[in-house]
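Feature annotations, reproduced from Swiss-Prot:
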ACT_SITE  D149  active site, proton donor/acceptor
BINDING   N8, E378  Mg(2+) binding site
BINDING   K15, H207, L208, G209, S210, G211, D282, M283, R284, G327, I328, G329, E330, N331  ATP binding site
BINDING   R92  substrate binding site
SITE      H180  site 'Transition state stabilizer'
SITE      R240  site 'Transition state stabilizer'
Amino acid sequence: MDSILVVNAGSSSVKFQVFSAEGEGKLLRQIKGQVDGIGSRPRLRASGADNEPLADRAYPIESVSDVPAAMGVAGGWLRDELRISPMAVGHRVVHGGPDYDRPVLIDHGVVARLERFVALAPLHQPNNLDPIRSLLANFPALPQVACFDTAFHRTHDAVADYYAIPYQFYVEGVRRYGFHGLSYEYVAKTLPHVAPEIAKGRVIVAHLGSGASMCALKGGRSIESTMGFTALDGLPMGTRPGQIDPGVVLYLVSEKGMSPAKAQDFLYRDCGLKGLSGVSNDMRELEASEDPKAKLAVDYFVYRVGLNAGMLAAALQGLDAFVFTAGIGENSMRIRARIADQLAWLGVTLDPTQNSRHARLISGSDSRIPVYVIPTDEELMIAQHTLSLLLDRSSSSVRHERVS
């Protein structure tokens with residue numbers, strides 16, 4: 001079976017999926033799994049194409065102490081027990097910086113460039129690069145493809161991505177990038193099959209999960225996003241604050257004595273829903289909690305989504321549809337309903353029955369614009385990009401080393 005392995009590596013887990021290439025560019029998901037609890041309680045879990053369990057096993061802490069070790073566990077299980085040797089590996093890489101506006105085949109030069117952006121995505125980029133380096137070292141001829149969360153937003157008008165600071169900083173790469181691009185790209189490619197006319201128009205997509213952002217699409221292309229230079233900006237998230245006055249950061253350093261490293265860790269790990277509520281970074285727990293600060297965190301999240309929707313509608317000069325996606329957007333009917341209330345000025349209403357069913361179309365019959373729920377599939381986008389790059393180079397005589 002010709003297959004593509006998709007890897008999404010984080011600080012405490014490595015998520016992976018295997019897709020079979022069926023010809024004519026068609027891909028079928030065969031395996032979905034992850035190694036989580038890295039460095040604490042390592043565990044491999046995996047399921048097959050029909051969600052049948054394939055693995056659920058624990059490992060000693062010392063055997064899975066970092067991301068490369070977790071990759072070794074996943075790769076060894078795929079190779080030794082399922083006899084799967086992928087013809088290529090596609091990776092989610094959060095930050096492509098100014099260098100990359102599309103997926104790219106990875107070599108040591110690409111890795112060196114991507115290492116320059118670690119400071120711009122310290123929560124993600126180092127972990128994204130770890131399995132890439134490991135595979136380059138152990139299987140140097142195995143094609144690897146980097147797919148960037150920033151690339152989809154490179155269609156913005158230039159003026160949208162400046163900061164009002166000296167121009168030289170823009171030249172150096174200090175600019176607005178936007179993130180969750182693989183998710184938005186999937187929604188943009190799915191919309192023509194859901195509502196062809198709407199897909200040609202002005203659409204706001206809300207990617208609401210532990211990481212959260214929103215994107216303005218015009219004709220399926222990103223023209224504006226709530227995130228900027230880093231994935232700290234925009235909406236409040238599980239542990240990240242979203243939009244914040246830079247003066248707050250100066251205050252943390254000058255008045256609270258935080259070092260730059262401490263301030264960075266604080267902003268990425270101790271803020272957002274977790275910081276505001278003091279309860280949890282998980283929206284499900286906050287919705288179920290009776291703690292007043294949990295309610296405050298939910299209220300603030302909903303308010304900021306509504307506020308940013310107004311900004312994006314202005315960028316689009318109108319609105320033809322609104323789309324929810326990602327964990328909260330796909331699964332929380334209460335959050336969707338509350339956000340719809342925030343959008344009443346746009347003529348948005350929801351059908352309570354369809355919303356409770358998590359239907360594809362959840363807007364009411366009297367809504368001025370349709371409201372959709374479209375489950376995202378970033379892994380499929382990565383697999384498609386990886387296959388496309390392989391096909392592009394198929395005329396060459398490069399020998400592909402299989403993992404064996």
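Keep in mind that glycine also has a Cβ here, set from the backbone N, Cα and C atoms.
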Distance check against the residue listed as 'substrate binding site' for the binding-site residues L208, R284, E330, E378, keeping those with Cα within 10 Å: E378
For L208 (ATP binding site), the nonlocal same-chain Cβ neighbours (under 8 Å, six or more residues apart) come out as L235, V305, F324, T325, A326, G327, I328, G329, I335
With E378 (Mg(2+) binding site) as the reference Cα, tell me which of the recorded positions H180, R240, D282, R284, E330 is the closest one. H180
Rounded to the nearest angstrom, how far is the Cα of R240 (site 'Transition state stabilizer') from the Cα of D282 (ATP binding site)? 12
With the cut-off set at 10 Å between Cβ atoms, which of these binding-site residues ends up with the most neighbours? Options: N8, S210. N8
Taking the Cβ of I328 (ATP binding site) as the centre, how many other Cβ atoms fall within a 10 Å radius? 25
Lowest local Cβ density (other Cβ within 10 Å) among recorded positions: D149, E330: E330
What is the interatomic distance between the Cα atoms of E330 (ATP binding site) and H180 (site 'Transition state stabilizer'), given in whole Å? 15
Recorded positions clustered about N8 (Mg(2+) binding site) [Cα within 10 Å; pool: D149, H180, R240, R284]: none
